[in-house]
Structure formats: structure tokens, C-alpha cells
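Engineer: These came from TrEMBL, pasted as-is:
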type	residues	note
DOMAIN	11-99	domain '3-octaprenyl-4-hydroxybenzoate carboxy-lyase-like N-terminal'
DOMAIN	114-315	domain '3-octaprenyl-4-hydroxybenzoate carboxy-lyase-like Rift-related'
BINDING	Trp165, Ala218, Glu229	K(+) binding site
BINDING	Arg169, Gln186, His187, Glu229	prenylated FMN binding site
BINDING	His187, Glu229	Mn(2+) binding site
ACT_SITE	Glu278	active site, proton donor
DOMAIN	322-444	domain '3-octaprenyl-4-hydroxybenzoate carboxy-lyase-like C-terminal'
Amino acid sequence: MHRIKSFREYIENLKVLGEVKEIEEEVDWNLEMGAIIRWCNENCAPAPLFNNIKGVEKGFRALGAPAGVSRQKDLYLSRYALSIGLSPKATGKEIIEALIDGYSRKPVDPIIVSNAPCKEKILRGEEVDLYKLPVPFAHDGDGGRYINTWGTIIVQSPDKKWTNWSIARIMIFDKKTMVGMVAGGQHLGKIRKMWADLGEEVPFALAFGTEPMIPLVAGSTLVSEGMNEADYISGYYGEPIELIKAETNDILVPANSEIVLEGILSTSETAMEGPMGEYSGYLIKQSKSEKPIYHVTAMTYRDNPIYPIVVAGAPIDDDHPVMGIGACAEILSALRKHEIPATMAWMPFESACTWLVITIPKNWKEMLNCNMNELMKKIGDAVYSCKGSFLSPKIIVVNDDIDPTDTSQVVWAFASRNHQSKEIYFRPESRVIGLITYLDEEEKKVFKTTACIYNCLLPEDMKYEDYPITSSFKGVFPKRVQESAMDKLIKAGFLE
């Protein structure tokens, strides 16, 4: 396992793989940057590094699609894999299992340093100007310029026992003020309420361009309430994280950050925020409302800082692997704790993470003392004990001859193995994220809907030896024939 400790080291690693392309020509922050990043996402292209941004001080750069997927053979998940110290060729299953292993590792105390790259430039008070950063107006129809799409918001409970790192969208309001989504059910919202109950404002920091694992953990449900994301990451690597104190409050920030904003999250002031093109794939014009204000009291940054940008939208963009993979690690771990022999959990990115696929061995009946209905209930109980379940109101349970990371296999299994009148199980009043487009207004308001489990396991009364054989290259040809066929295909130039 190789830990990448800075955003710049991460970018250099991606360059070696051909996963970053630099754009030297001037690019406009007004829609043009957003359009380029969206094209890169939608075509699984390299991450664009913008070196010349219109109206922005020379030296300020921006990287789009920092965690997008790749169209290169065997490198589909390379950006995510590198970010957590794995080979760029790591599979979805290898990534999920590595994250689950992280739960069992002991945290390492951070190292508090007095000097750090993120302090090379320091602006306080009236010097603060958020418009110095290359913040895009990303979608035509957004409510403003969204400054936070890939930065880590850092807040601490009043008793200092819980430090939370998270990602939530934040929009520029003016040169020293931001406004952003603070959902009451999320960890950020819960900590804000703790401060509000005391009649106090919330000290915060917002770190951009950190070591690459930080936003992957901050942007997912891997870490449960009350646990520090920094503890999970340090335990995962068995190494400390270097932190440094903010300039105007006591928040500790990642020392290798490219850019840090700090200040106060108000518990009383609000401003209009939204709409924004979202990970669900839609920009909903009506989705604007009063949200809490952030007052920025200082900004610090490296020389020639690199600012990360995600332009959310129709799958697949960075949000889908980050939210989906973290949630699936949480869910697969919970299934196993409930003694369900699940071999994999995966949210197909193409579904905007609204589908959750769980694979079960064909011989599950020999492993569990229960019938099919009881199995589905056990699975539902385990899944909906997890915070990450709120992303996926639709669960597909299938035998593990299906690779859940191959969406074409999932679609085939769903179409050919689920009996629409017998094998759908409903779970009313299940938690759900309010950004799913088909929810009605009441469901969005209360964050609840009727979830369903689609049973795509082979029939319960079918004997194991009678299971049908998959009629495919690997399913109906002996290994020696497969090898001979592949040899001839390679020699004939069918494969590179």
C-alpha cells in the first residue's frame, strides 16, 4: 500500500497514467470550465488541469474530475484506487474489501505542525476575497458560483470530542461570505445544532486540495456518527496525519492542503441558496431555499495553488464512486455483522447510486437456517441499519455468479431472474436522500419513502445441481478451449 500524501503528488501519479491532461489555453470560469469538466466526466476522459483561467491571478490553477472514472483498460477506478493507496488496477471488490479492513485498524494520533505549505500565503479580515479563487459558474441555471464541490468542511462539537470532516455544496454569496446546504440529519447539521443549542456560532475550516483519501472519506458514509474521519484514515494507513491550526479559530486542518478557508458558520443567519446541477443528474429550478451562512475570516493557500472542482450531473461523475463505494463498504460490513454471507455490495454508478446490488452465494440455503422471505427481511434490516442506505431505495439481491460492478450483467440478471408478481419486497418509511428526483414533495420533506428489494436469486425450490448454466464465453466452454480461442484472437489482432 502506497500512501499519497498531497494533492500534487496525486496529480503527478495521474499524469504518469495518462489520467491528467493540461490545458494551457485561457479558459473562462463562466460555464466554459464546467462544460469541459462535464465532457471529461461523460466520456471517462482524463482529468483536465486548467493552467490559465480568465480573470484569475496567474498561478492559480484548477483540476476538474479529480475522482472520475477512466476509459482506459484496467484503469476504470484508478483515481479512487490510487487515492486509498492501492494499485491503479484495483477492482471494485478489492477497493471495498480494503475499506472494510480499515474499520479494524487502530487510529494513530495526528502530528500537529507549526509550519505547512498551506500557510505560504495568508489573508485575513478585509484582505479576504473569495473571488481570487478560480470558482466556476458551472451549470447554466445554477444559483451562483459553487465554491465547494470537493473541499472538506471541518467542524468540531462544542466539547471537542468529535471532529467531523464532510463535503456539502457551498455557494459564494459575496467576497467574504458563503451560503451552503447543512442538512439536519447529516453530521455537519448535528454539530451545528449542538452549537445553536448553546446560542453560539460554529467555528469551521474548509480545506481544498488535500491528500486524496480525505475527500473520499469525507464525502461518504464510511465513518459513523461520533467517529473522526482523521482517525479512520490514520488507522487505515497505520500512519499519522499532519495537521496545523487555523489562523482565526482552533480548528486543525490538513497541513498539505492547497487552500484553506476558515471562519464562522452561523446558527442564525441565512441566505438564498440554489439551485445547482446535482449528482442525481438533474438541475431542478425550484430547488432553492434559505440556507445557513458562512463568514470567512481568513484564507490561506500554497504558492500557485491547485483548486479541485466537481461538476455534478448525469452519471458518471466523481460523486457516484465517492458516495457509492463508501456506502457499500459500510453496508457490506453490516451485512456480515448480521451473519449474512454477502460476497459483495455495489451501487452501479449509472444508476446515480439509487440501486444497491448485493450478491449472495448460490448455496446460501446450506449456510443459513431461513427461507427466502426471511433472508430478504434479514438483508433489509441490515442494509437499513446503515446511513449509506439512504442513497438507494432499490435493492437488487442476486447470486454471486453476477459481477455487480458490471452494470450490463446486473441489468441482465434483473430482467431475467426477478418475477414481478412474486419477488418484490416493500419496506415503507425507509430513509432516503431528498435529492432523488422522483420523490414527491412530502417524501423530500421528511426524507422517507417506500424502499423495495428485488429478489433476483434463483428459485428457492430449485436444487443446487439444477441451477442453469450461464451461456457465455466463460460459462459454456472448457478452460482449454477458452485459452486456445484467446490465443488465436490475440494473434489475429483482435486484442491490443
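Cβ from N, Cα, C; glycine included.
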Engineer: Find the shortest Cα-Cα separation between Arg169 (prenylated FMN binding site) and the recorded positions Ala218, Glu229, Glu278, and name the residue that gives it.
Structural biologist: Glu278
Engineer: Tally the residues of the domain '3-octaprenyl-4-hydroxybenzoate carboxy-lyase-like N-terminal' (11-99) by DSSP class, grouping H, G and I as helix, E and B as strand, and everything else as coil.
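Structural biologist: Result for the domain '3-octaprenyl-4-hydroxybenzoate carboxy-lyase-like N-terminal' (11-99), in helix, strand, coil order: 32 helix, 15 strand, 42 coil.
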Engineer: Cβ-Cβ under 8 Å from Trp165 (K(+) binding site), same chain, 6 or more residues apart: which ones?
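Structural biologist: Set apart from Trp165 (K(+) binding site) by at least 6 residues yet with Cβ under 8 Å, we have Thr152, Ile153, Ile154, Ile214, Val217, Ala218, Asn228, Glu229, Ala230.
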Engineer: Let me spell it out: for each of the recorded positions (Glu229, Glu278), count the other Cβ atoms within 10 Å of that residue's Cβ, using every protein chain shown. Which one has the most?
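Structural biologist: Result of the Cβ crowding comparison: Glu229.
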Engineer: Using Cα coordinates, what distance in whole Å links Glu278 (active site, proton donor) and His187 (prenylated FMN binding site)?
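Structural biologist: The separation of the Cα atoms works out to 20 Å.
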Engineer: Check the binding-site residues Arg169, Gln186, Ala218 for other C-beta atoms within 10 angstroms of each C-beta and report the one with the most.
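Structural biologist: Checking each of Arg169, Gln186, Ala218, the winner is Ala218.
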Engineer: Which whole number is the mean pLDDT over the domain '3-octaprenyl-4-hydroxybenzoate carboxy-lyase-like C-terminal' (322-444)?
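Structural biologist: Averaged over the domain '3-octaprenyl-4-hydroxybenzoate carboxy-lyase-like C-terminal' (322-444), the predicted model reaches a pLDDT of 94.
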Engineer: Suppose we draw a 10 Å sphere around the Cβ of His187 (prenylated FMN binding site). How many other Cβ atoms does it contain, all chains included?
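Structural biologist: 25, counting other Cβ atoms within 10 Å of His187 (prenylated FMN binding site).
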Engineer: To test your reading of the K(+) site: which residues beyond Trp165, Ala218, Glu229, same chain only, put their Cβ within 8 Å of the Cβ centroid of those residues?
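Structural biologist: Other same-chain residues with Cβ inside the cutoff are Thr152, Ile154, Asn164, Ser166, Ile167, Ile214, Pro215, Val217, Gly219, Val223, Asn228, Ala230, Ile233.
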Engineer: Please list, for the domain '3-octaprenyl-4-hydroxybenzoate carboxy-lyase-like C-terminal' (322-444), how many residues fall into helix, strand and coil according to DSSP.
Structural biologist: 55 helix, 23 strand, 45 coil
